[in-house]
Amino acid sequence: MKTDIEIAREAKLKRISDIAKDIGIEEKYLEPYGKYIAKVDLKFLKTLNNKKDGKLILVTAITPTPAGEGKTTTSIGLSMALNRLGKKSIVTLREPSLGPVFGIKGGAAGGGYSQVLPMENINLHFTGDIHAISSAHNLISAVIDSHIKFGNNLNINPTKVFWKRTMDMNDRALRQIIVGLGGNANGLPREDGFIITAASEIMAILCLAKDLKDLKERLGNIVVAESFDKKLVRVKDLKIEGALTALLKDAINPNIVQTIENTPAFIHGGPFANIAHGTNSIIATKLALKLTDYVVTEAGFAADLGAEKFLDFVTQVGNFDVNAVVLVATIKALKYHGGIKKDELNKENVDAMLKGMENLKTHIENLKLYNVPVVVALNVFASDTTNELKAFSEHCNAPHALVRAFEKGSKGTIELANTVLENISDSKHIPILNPEMSIEEKIETLATKVYRARKVIYTDTAKSKLKFLKRHGFETLPVIVAKTQSSISDDPKKLNAPRDYNFTIRDFELSAGAGFVVALAGEIMRMPGLSKIPNAVNIDVDEDGNIVGLS
């Protein structure tokens with residue numbers, strides 16, 4: 001089979017103005033970035049207020065494995081298949097981060113015959129949104145250190161600066177650094193560090209803001225430090241929320257592209273689901289809901305991460321409902337959770353697959369807590385055997401369909417589309433987290449009901465930070481749990497369906513502008529590192545200027 005990039009280059013793309021026109025976006029609301037990419041002016045969304053929302057289909061997955069599950073490929077294929085069936089559908093996705101593109105994961109534009117295009121642009125710089133977020137984030141850092149040097153009127157305690165710097169790259173060497181070295185001219189030396197841009201609170205804010213006014217207010221509410229007299233220092237105290245908004249005024253407008261079969265796609269924002277809320281911007285989702293009958297959106301990593309945060313938090317902020325959830329699984333992933341090593345996953349092993357189905361079963365049970373229909377999408381690989389597929393079908397305790405989007409595009413996803421249409425609901429999903437719950441109650445609910453832990457343990461650091469949050473009035477903020485994506489638990493080594501263990505919260509981080517508290521579990525890092533052999537070594541440019549090795 002041809003490579004992703006070869007398939008992408010053979011696709012017959014329409015001009016983006018035609019794609020936009022087909023779904024009712026007037027050209028005056030488009031800001032083109034070449035022939036095939038455009039931004040949609042936020043003002044257009046306001047003209048659609050009286051239109052009824054379409055139905056929302058959330059795509060998530062079982063606990064990810066090194067073999068890959070194909071969630072984005074399935075999302076794109078499902079949206080294309082709905083259109084092939086005569087329905088109207090738009091897919092909404094997150095923007096890829098350069099860190100994973102050059103790291104172990106690779107690109108995030110789908111694969112095979114189920115891609116969003118132009119994939120090279122989308123996977124690399126795209127429309128510059130992530131650059132704008134990085135610039136805004138680092139402006140805050142620069143102003144903080146400048147303020148401390150020139151008088152420090154806000155009495156900022158340099159040892160209590162919470163705001164780290166950022167860049168859109170995996171670079172473990174920057175996790176902990178010292179800034180201000182080299183004498184008085186360079187500022188006050190202090191400990192600092194970098195996080196990846198996808199983990200920036202500004203990324204979360206951009207994806208949660210409903211308009212420019214809301215964006216500016218949220219930016220102003222970011223807590224960056226504590227003063228010597230124990231007062232919180234916010235961005236609005238530094239008087240730079242206007243400058244930050246200026247840097248982001250174009251980035252807040254959603255990006256429109258197309259799939260390989262010319263289905264419209266909004267790609268906007270890219271928070272990770274293991275360290276943030278893990279889905280594209282609310283603006284992009286709301287715009288899609290106003291323009292089509294069926295919106296397919298994706299939440300990062302597994303159902304215990306992205307889907308939980310989407311169902312408990314994102315939908316509440318965005319004021320929309322989920323009408324069906326698609327849970328992506330693979331035979332390989334099930335065998336991996338059943339104890340089979342990565343290099344042996346291509347060998348038939350029905351017993352291991354059935355053992356690994358406990359992971360699938362757990363995610364199905366968790367999703368049903370939200371009163372939402374669940375459809376399992378089994379992403380089929382060439383190595384899957386007839387015996388394995390038969391055993392899966394016999395033991396899967398939810399409506400399910402086989403998916404071949406990678407090799408057949410929409411034609412390989414028709415079965416899934418029909419199964420979703422048969423099961424989709426008009427009823428409202430029910431979050432399991434109540435806004436009035438305390439931080440501890442929210443974590444306890446997630447740990448016992450979703451992560452299947454015995455109890456929650458708080459380190460001394462976490463207990464101290466909890467007191468800080470309560471002292472400053474943040475005790476009922478929504479909670480985003482940052483934990484490993486490789487296990488339902490807080491330990492990446494606990495595969496399949498761990499039960500009856502202690503779930504440890506080691507620290508908390510406040511995202512007052514985004515409107516949530518991050519509970520850090522296990523050893524999760526907000527600045528990833530590159531693998532021993534990163535994907536970067538596979539990427540090149542030929543003599544004609546064509547990128548090769550990107551997938």
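Just so you know, glycine gets a Cβ as well, placed from its N, Cα and C.
Feature annotations, courtesy of Swiss-Prot:
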BINDING   Thr65, Pro66, Ala67, Gly68, Glu69, Gly70, Lys71, Thr72  ATP binding site
- Taking the Cβ of Lys71 (ATP binding site) as centre, how many other Cβ atoms lie within 10 Å? 27
- Task: Identify which of the binding-site residues Thr65, Thr72 has its Cβ surrounded by the largest number of other Cβ atoms within 10 Å, counting every protein chain shown.
- Result: Thr72
- Item | Secondary-structure category, per DSSP, in which Lys71 (ATP binding site) falls | helix
- Message: I want to check the contact list for Pro66 (ATP binding site): same chain, sequence separation of six or more, C-beta distance under 8 angstroms. What comes out?
- Response: Tyr336, Lys342
- Message: Using other CB atoms within 10 angstroms as the count, which residue among the binding-site residues Gly68, Gly70 scores least?
- Response: Gly68
